[in-house]
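Participant: Have a look at this one before I ask anything.
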Amino acid sequence: IDVFLARSLLEKLYLFQYPIRPASMTYDDVTHLSAKIKPKQQKVELEMAIDTLNPNYCRSKGEQIALNVDGTCTDETSTYSSKLMDKQTFCSSQAASNVSRYAAAVYKKGELHLTPLHGILQLRPSFTYLDKADAKHREREAANEGGDSSQDEAEDDVKQITVRFSRPETEQARQRRVQSYEFLQKRQAEEHWVHLHYYGLKDSRSEHERQYLFSQGHGLAENTELIKSPSEYLMMLMPPSVEEESDKPMAPSNVLSMAQLRTLPLADQIKILMKNVKVMPFANLMSLLGSGTDSTAVLRCIQQVAMLVQGNWVVKSDVLYPKDTSSPHSGVPAEVLCRGRDFVMWKFTRDRWVVRKEVAAVTKLCPEDVKDFLEHMSVARINKGWEFMLPYDEDFVKKHPDIVQRQHMLWMGIQAKLEKVYNLLKEHLTPKNQEAQSGHPLLVSGEQRVNMAKAKVKQNYGQLEKEFQKQKAETKSNDTLAKMDVSNIRIKEEPVSDEEPMDTSAYEGMNNGIVNGLHREDSMDSLNGHLPGGCIDRVAQELKAFVSSTFKKQFVLTLSELKRLFNLHLASLPPGHTLFSGISDKMLQDMVLDTGCKQILVPFPPQTAASPDELKVYALWEAGDTYDQHRQVLLEIFSKNYRVRRNVIQNQLSQECGEDLNKQEVDRVLKVCFCSVVGL
């Protein structure tokens, strides 16, 4: 198909988009009363007649609108001279700011003729007549409120006039005024309307103008824009990238693309990468810098902005906290922040684990600043501490021993400064274990851990049995010295958040190196009840005695509270006691059920913040006292709802037990049955 470009209506052809009307009614049937346009603004207003004889037209509503707009008097300024709303105004708005991609096409005899559009305008109903009606209404109200005033009163009314002298307008003030919305509206209002004439679809003038949609000449001179070589045509379809970059949105000031980054010097590239990433292995840094980058030059630059920690590079503190800056959390100056962060980095050079409370106690910084330091280079592990973010990079340490030695000397100097500033104790200078001092952790599979733990238990069992018999003999002879006064122990209970694990170092010391009855060197996961038969029987007897005595004192306990009481009980026992052989949570729960207790399935709400151990509730079903029946009724009630009103409990007790209990008696039953009422 041959394509031709018609130029006769260039910069004159507009596309009008009218509101949707019934399919049986075309716009050629509508009487256009008047039309006008502002060419510079491409703004059009059309007045169209409304068919007042149509059965769907509400005549009373039309008369009411005309009365509200024009009032009772009719003159040339009236909007509706017929005292009836018989016309409607449509005002245009631009549908697209750039219409250079749109054209009107006419297909005729195998030829396609295109005429570029100068504008696309959407016509919508204008309701300016409502504004005129509101103005009339306000005028009438003002006239009624003001009333008639005499001429003398008007002459006697003295008004104060303020005279101001305008100062010369500066260039900046003039630019602001020109760009203001008020000035633009004024400029638009100053443009004069150009009145138009509307010709119908079948009018002879319309037929004549429609011929201009066809190209007047088919010669090459008329259509040079459409005659291009293949390379020129492809260039028009895909313009050069320079033109595309002008349309790209500007990136934020703190965002730099990799293409822009590689245009900077090598030192600036490394500084920007380390400042954003914080911790990075050397291999990853080389991959980001691109192929062909000299590794020797990179090593020379990286040492200026980062320090070596466990074979990985961590950005220096003075790069993150430049001079004359301060903390966004506490306002502490940058020098203090750098010292605190250097202490955290130095701790990670000696161990893979750091406890936040220890860092806060030494540096005396606020928790938010300490948390920022740790988040830069580590991740939180529940009940363990903060672990260094990346594994030990053994490859880099082996390939570059000179760099490692130089970094070690730098850390020795930083350590000397930290000792003077923070008065570090010997426990801060000594690594917790040799495994952490070596740099990388020893990876052991789960099966190996189980086998190692079993072998160690069998190896030490004979020695533990001898020590236990010896301790038992000493306990009988001097019972008062062996027991610990549990009443003097004050347990500080703090909520354990998801963000940071609980520091258990002090508690481990009180339990003589055990966690829930297990020695640390004997893995808790490795035992699982694999002990010699005689030892198991003694452990079961001791555990049963503890559970029975505990539930006789407190009839209802959660698993969390029971474990806390069990740990207190362990603390009161001498070293080498049978219960130190290892008590798992499952063994403890099974023993609770074996002693005549039952698990109460309290329907806690799903959005509760309680831990799983706090949701497991156990109760003694039969204690052998007079309140067994009352206790069982109460437990049945709480198994159906976690929150129960007192009057419901009173009614249920009265029905089940056949007793008419008053409020004081109900309180006494609750106090006797439940030492701590669950869910009440």
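Each residue's number is its place along the chain shown, starting with 1.
Placement of Cβ uses the backbone N, Cα and C atoms for every residue, glycine included.
Pulled these features from TrEMBL for this protein:
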COMPBIAS  134-143  compositional bias 'Basic and acidic residues'
DOMAIN    433-679  domain 'DNA-directed RNA polymerase III subunit RPC5 C-terminal'
REGION    134-157  region 'Disordered'
Participant: Using a Cβ-Cβ cut-off of under 8 Å, list the residues of the same chain that are 6+ residues beyond the ends of the compositional bias 'Basic and acidic residues' (134-143) and lie near it.
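Facilitator: Same-chain contacts beyond the ends: 68-69, 71.
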Participant: Can you give me the average pLDDT across the domain 'DNA-directed RNA polymerase III subunit RPC5 C-terminal' (433-679), rounded to a whole number?
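Facilitator: Summarising the domain 'DNA-directed RNA polymerase III subunit RPC5 C-terminal' (433-679) by its mean pLDDT gives 66.
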Participant: On the DSSP side of things, how many residues of the compositional bias 'Basic and acidic residues' (134-143) fall into helix, strand and coil, could you say?
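Facilitator: Helix, strand and coil residues of the compositional bias 'Basic and acidic residues' (134-143) number 10 helix, 0 strand, 0 coil.
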